[in-house]
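In what follows, a single structure is set out as structure tokens and then discussed.
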Amino acid sequence: MNFFNQDLTSLHADLVSKKITATELTQATFDNLKGTDAKVDAFLNLNEAAALKQAAELDAKGIDPDNLLAGIPVAVKDNIVTKGLTTTAASKMLENFVPVYDATVVEKMQAHDMIIIGKTNLDEFAMGGSTENSAFKTTKNPWDVSRVPGGSSGGSAVAVAAGEVPVAFGSDTGGSIRQPASFNGIVGMKPTYGRVSRWGLIAFGSSLDQIGTMTRNVKDNAAALNIIAGNDVKDGTSSKREVPDFTAGLTGDIKGMKIALPKEYMGDGIDPKVRDVIKAAVKQFEDLGATVEEVSLPHSRYGVPAYYIIASSEASSNLQRFDGIRYGFRADDVKNLEDVYVRSRSEGFGDEVKRRIMLGTFSLSAGYYDAYFHKAGQVRTLIINDFNKVFENYDLIIGPTAPTPAFKLGDEISDPITMYMNDVLTIPVNLAGLPGMSIPAGFADGMPVGLQLIGKSFDESTLYKAGYAFEQATDFHQATPDLGGAH
Amino acid sequence: MAEERINAEQVKHVAELAKLEFTTEQLTMFTGQLEKIIGMFEDLSKVDTTDVPVTSRVSDRQNALRDDVAVKSNDREALLANAPQAANGLIKVPAIIDESGDGE
């Protein structure tokens with residue numbers, strides 16, 4: 001079965017009433033997925049035997065009527081480690097890597113009896129915006145298979161958009177959940193930095209990385225975030241703040257909500273058709289009783305260079321662990337230790353990863369540190385100050401998630417700067433550590449366009465509340481791609 | 001602004017620091033791309049950051065302390081299963097200085 005006509009609430013009701021067993025649901029998920037994935041290539045690795053075994057155990061134990069997630073099939077981005085299940089980060093470097101422990105979010109999924117269906121494709125080490133940097137396969141956008149799914153969580157976004165699973169988990173360092181959510185017409189949440197444990201997320205930019213949730217609607221997204229959020233002793237940056245029930249407050253009533261629209265997010269670099277979708281969304285929010293006013297985030301345009309310095313610097317440090325010694329790829333016929341390092345890294349990493357390592361190493365190197373890394377950290381402060389100023393007077397910020405709809409496969413992969421500019425609207429949110437969510441807001445030339453909602457620190461609830469009200473008033477989230485008779 | 005931001009010699013030096021090596025063709029490609037990207041980085045020089053502090057972290061935690069209690073960690077055999085080569089409970093690597101190979 002596909003998941004186009006079911007949400008978590010209806011699936012849960014069917015499981016509790018035994019209209020369908022967890023085993024039947026799991027089997028039906030794999031049966032449908034195999035046909036669909038031949039067209040879109042969202043998955044790198046399926047977990048069929050273990051998933052069916054887990055489902056059978058759950059059926060024997062019985063579905064807890066109070067646990068909405070029990071028996072729900074879930075896809076996990078392949079940079080989140082899963083014990084005993086190969087985790088590659090879509091890199092030749094980790095082609096045969098079998099983790100010996102579970103990420104904290106995976107432990108939480110399992111504690112809630114979610115059924116892990118498989119691991120999804122991504123840009124190698126989550127570096128990219130099209131999933132074309134995967135060492136293993138090219139994921140296609142289900143709305144038009146000649147187009148990219150976005151990235152880096154392209155596989156997770158497509159798994160949800162193509163109806164393969166109702167929930168997927170991704171990671172977002174500069175837009176890697178929100179941009180593919182926008183390109184595929186689904187809901188993607190990057191929570192506040194520290195809201196979700198990063199333990200077991202293969203590190204890219206440690207001051208920016210955050211795991212988040214991808215679903216077909218807002219309520220399901222909030223329910224999924226409920227179970228993975230919270231403090232973790234294994235991640236010293238995870239917050240000790242209380243985690244609210246993110247599904248509470250989904251009333252559809254946002255009268256009096258004060259919304260800001262940054263003029264920089266509606267400028268010349270944004271596709272006019274995307275701007276039209278956002279203008280219509282602004283009108284929708286006003287019709288719902290919110291006020292929308294133009295504001296300025298004057299340092300937005302410096303987000304891209306600041307981010308690529310900071311993220312690449314952190315990446316160059318984090319990726320030093322891939323040395324061909326303890327785990328991962330080791331080059332053949334190496335003669336000495338230096339050879340192990342240099343040849344294993346040169347043969348194991350793809351071009352984009354090498355580019356980031358080079359940029360980071362350069363930005364941190366003697367003579368350049370002040371002009372690049374130090375300066376980028378100062379600009380980061382100014383970007384945070386811009387947001388703080390707006391949030392003195394507004395409840396949330398809206399704008400486009402990405403400057404364009406999904407572009408054609410192959411169009412941008414050879415031009416790094418064009419590819420980097422895709423992140424211009426999502427990057428500032430990571431630099432400031434804020435929560436950001438993309439929801440379906442319309443179409444441009446038949447391709448989905450996402451609306452980005454940006455909230456105050458640890459105020460995911462307001463994003464869900466506003467997103468839910470918008471969703472109730474529109475039907476964009478109910479549109480489904482035509483996969484040529486796959487459903 | 002300098003006309004040449006980074007040249008092939010500098011790229012080679014940075015690659016050495018990063019433990020990477022490139023073919024001549026790759027070196028040309030990366031030099032051209034890095035030149036352009038670093039050019040984009042230089043946009044930041046337009047921003048007045050006098051007396052602006054650096055942000056390097058956005059966590060709401062200052063310290064993360066816990067009781068010093070021993071807990072079971074990972075199993076050695078399981079960890080070594082991921083090593084490219086292991087023997088006698090240890091990770092096997094080529095000799096550090098033997099240029100002629102270690103006869104493995």
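The backbone N, Cα and C atoms fix where each Cβ goes, glycine too.
Bear in mind that TrEMBL entries carry predicted annotations, made automatically and left uncurated.
According to TrEMBL, the feature domain 'Amidase' maps to A:24-463.
Taking a C-beta cut-off of under 8 angstroms and a sequence separation of 6 or more, A:LYS77 (active site, charge relay system) has the following same-chain neighbours: A:LYS119, A:THR120, A:LEU122, A:ALA126, A:SER153, A:GLY155, A:SER156, A:ALA168, A:PHE169, A:GLY170, A:SER171. Among the features that TrEMBL reports, active site, charge relay system is placed at A:LYS77 (among others).
When secondary structure is read from DSSP and collapsed to three states, A:SER152 (active site, charge relay system) falls in the coil class. Taken from TrEMBL, the feature active site, charge relay system covers A:SER152 (among others).
In sequence order, A:LEU122, A:ASP123, A:ALA126, A:GLY129, A:GLY151, A:SER152, A:SER153, A:GLY170 are the residues of the chain that are 6 or more apart from A:SER176 (active site, acyl-ester intermediate) and have a CB within less than 8 Å of its CB. For the recorded site, A:SER176 (active site, acyl-ester intermediate), the DSSP three-state label reads coil. Under the heading active site, acyl-ester intermediate, TrEMBL lists A:SER176.
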Subject >> Mean of the pLDDT scores, which run from 0 to 100, over the domain 'Amidase' (A:24-463) >> reply: 97
Subject >> Cβ-Cβ neighbours of A:SER152 (active site, charge relay system) (radius 10 Å) >> reply: 36
